[in-house]
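Visitor: Copied straight from Swiss-Prot:
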- Trp149, Asn150, Lys173, Pro174, Thr175, Ser176, Gly226, Ser227, Leu249, Glu383: NADP(+) binding site (BINDING)
- Glu248: active site, proton acceptor (ACT_SITE)
- Cys282: active site, nucleophile (ACT_SITE)
Amino acid sequence: MKRYQMYVDGQWIDAENGKVDQVINPSTEEVLAEIQDGDQDDAERVLSVAKRAQSDWKRVPARQRAELLRKFAQEIRNNREHLAELLVSEQGKLYRVALGEVDVAASFIEYACDWARQMDGDIVQSDNVNEHIWIQKIPRGVVVAITAWNFPFALAGRKIGPALVAGNTIVVKPTSETPLATLELGYIAEKVGIPAGVLNIVTGGGASLGGALTSHRYTNMVTMTGSTPVGQQIIKASANNMAHVQLELGGKAPFIVMEDADLEQAAAAALHSRFDNCGQVCTCNERMYVHSSVYDEFMAIFMEKVQNIKVGNPMDPESDMGPKVNKRELDHMEALVAQALKEGAQLLHGGKRLTEGEFGKGFWFEPTILGNVQQSMTIVHEEAFGPILPVIKFDTFEEVIDYANDSEYGLATMICTRNMKYVHRLTHELECGEIYVNRGHGEQHQGFHNGYKLSGTGGEDGKYGFEQYLEKKTFYVNFD
């Protein structure tokens with residue numbers, strides 16, 4: 001069993017309190033590694049380091065910062081298989097998905113590097129004679145990045161890239177459930193020569209370490225991917241210092257199948273968008289609405305695909321779905337299904353834990369489909385974040401838009417239709433930040449990953465996401 005330390009100021013150190021935590025393999029329930037369980041004392045130490053390092057890092061020309069980060073991204077690619085195996089063992093995702101996650105982390109960083117020469121300001125006309133107004137973009141300072149357990153490595157890359165290219169320093173706190181691949185970034189940073197204190201990685205509890213990081217006076221920005229309740233706590237904590245906050249939180253994405261949809265294409269997209277990473281993606285198909293005129297035909301196609309899902313060892317290339325990440329999440333799956341059946345839903349497939357044979361250890365749950373679902377049911381409104389899908393009939397476009405908007409979340413929506421009138425109406429009528437038309441979920445780096453309502457604030461990716469890591473400074477220059 002490997003014992004990990006925290007990466008602070010270019011060194012590997014223990015938590016001040018001497019406490020440690022364990023990382024569990026969700027496929028086998030075996031202890032994988034021991035990590036540091038840091039608290040507020042470690043927050044004070046690492047933020048002091050990051051603040052000091054930022055004064056030098058921001059003076060490095062942006063192009064040079066980007067060149068160093070391209071080496072960092074390439075070294076991530078050089079360690080692709082090792083990092084992917086770590087992700088499988090700590091999170092339970094399929095090996096091929098883990099390989100993709102490593103690639104995405106590297107490409108997030110490479111994409112951010114493309115912005116090194118595009119942090120453009122403005123020259124604005126003044127109302128006064130012989131005066132110019134300059135608006136410059138500058139780094140915010142110290143960024144605290146808190147990442148979720150579902151795609152910990154990709155999320156680290158998503159935040160490290162723009163933060164460092166923009167001239168900030170960063171403190172990354174991965175969740176204690178899946179921190180191992182992220183901690184390996186410290187070794188990679190050492191190898192490529194990222195200056196001490198520019199990239200720091202710490203581990204510990206959300207309330208103790210996370211709370212101290214987000215509320216500290218040295219923290220200029222908090223970027224977090226995780227649950228809505230945690231995001232709400234971060235907003236409160238960061239208000240003490242008026243730090244800039246960027247949050248990507250929960251979701252309850254609807255998948256809409258219109259009467260004119262290509263049903264085979266829609267079924268394939270719906271399947272991938274629900275069971276990808278065991279349903280543990282913020283933009284997953286959480287509630288599926290199918291037009292009544294094509295319901296029977298569509299469900300026949302869709303259910304055949306569901307029945308062919310192979311749950312199994314995530315290292316097995318024949319497996320289609322791995323385990324849930326922990327027992328708490330597994331218990332949540334059981335509770336949601338029980339509540340749905342109590343409220344009148346019909347179990348069409350799955351609905352229980354897998355416990356026999358190879359599933360004797362680990363956190364396994366069947367792909368689950370619920371029919372006879374009404375809009376008012378709990379399963380339609382509470383985020384599952386797992387392999388459970390309620391299916392609801394609808395009759396008109398207006399009805400399904402009302403259903404889709406009937407949620408406290410507003411991250412993503414997927415719709416399958418050939419009618420561009422429907423698509424254009426979504427611009428004005430749908431209350432969410434991302435819309436996928438005739439395809440499953442999965443955003444791109446140059447887009448903008450942005451949630452409405454309780455799904456977040458600030459947004460990530462693309463030019464709008466990169467600008468989150470920059471402040472503006474205005475000069476009124478009189479040259480009389």
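Glycine too: its Cβ is placed from the backbone N, Cα and C atoms.
For the listed features, I'd like the structural context: burial, neighbours, distances.
Guide: Summarising the environment of Trp149 (NADP(+) binding site), the number of other Cβ atoms within 10 Å of its Cβ, over all protein chains shown, is 22.
Just so you know, the Cβ of Glu248 (active site, proton acceptor) picks up 28 other Cβ atoms within 10 Å once every protein chain is counted.
Within 10 Å of the C-beta atom of Cys282 (active site, nucleophile) sit 27 other C-beta atoms, taking all shown protein chains into account.
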Visitor: Tell me the coarse DSSP state (helix, strand, coil) of Glu248 (active site, proton acceptor).
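Guide: Note: Glu248 (active site, proton acceptor) is in a strand by DSSP.
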Visitor: How many Å lie between the Cα of Trp149 (NADP(+) binding site) and the Cα of Cys282 (active site, nucleophile)?
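Guide: Checking the Cα atoms of Trp149 (NADP(+) binding site) and Cys282 (active site, nucleophile) gives a distance of 11 Å.
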Visitor: Tell me which of the binding-site residues Lys173, Thr175, Leu249 sits in the most Cβ-dense spot, judged by other Cβ atoms within 10 Å.
Guide: Lys173
Visitor: Under a criterion of Cβ-Cβ distance under 8 Å and sequence separation of at least 6, what residues of the same chain contact Gly226 (NADP(+) binding site)?
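Guide: For Gly226 (NADP(+) binding site), the qualifying residues are Ile146, Thr147, Ala148, Thr175, Glu248, Leu249.
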Visitor: Rounded to a whole angstrom, what is the C-alpha distance between Cys282 (active site, nucleophile) and Lys173 (NADP(+) binding site)?
Guide: 19
Visitor: Helix, strand or coil at Lys173 (NADP(+) binding site), per DSSP?
Guide: strand
